[in-house]
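Novice: The structure's right below; bear with me while I get my questions together.
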């Protein structure tokens, strides 16, 4: 699995690059993780409803092809795009989602933050507050899009929407629990290590 750090990049060209990567991949294309941050942007998934945008401001909205509703990306949020051929790995999308959730939970545990997944709602939560979002697109036996983990960002734009379609959803971030707060790059080093562990094929034996 190749890990590519792209830094702070605009959302739309990154979205187009994901689609191109997935369309052009072959049976031998190596899976990739793209580690990025984005300037402020709302992204509206395939199930998105206009009423979940509560306040219209100057933050752009991009209609995209992942599952789910509307969410927000901005500087200080760690985004990891997961370009994974799950068919080749002989796994399921549900297992991919669990691997993403478990990697986030393990990363947060390294900072003393107790987080959990919720079987009724996508994402990772600290108590009732959401700290990470997940959204995937399944196409041709592969997935793309991925996860967004709030590290140290301006959370106020989340109040302009119903995050992921949930009215009143309260958001949180690593900076609410850890000071001095690690940088997104520092968190990325831990998170990608956990992702690599989750996606390393396990030996098939009876030992």
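Cβ atoms here come from the backbone N, Cα and C positions, even for glycine.
Below are the features listed in Swiss-Prot for this protein:
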ACT_SITE  164  active site, acyl-thioester intermediate
BINDING   66, 67, 68, 69, 70, 71, 72, 73, 133, 134, 135, 146, 147, 148  substrate binding site
DOMAIN    27-203  domain 'BPL/LPL catalytic'
SITE      130  site 'Lowers pKa of active site Cys'
Novice: Give me the mean pLDDT over the domain 'BPL/LPL catalytic' (27-203), rounded to a whole number.
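Specialist: Across the residues of the domain 'BPL/LPL catalytic' (27-203) the model's pLDDT averages 90 on the 0 to 100 scale.
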Novice: Express the distance between the Cα positions of residue 66 (substrate binding site) and residue 130 (site 'Lowers pKa of active site Cys') as a whole number of Å.
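Specialist: That separation, Cα to Cα, works out to 19 Å.
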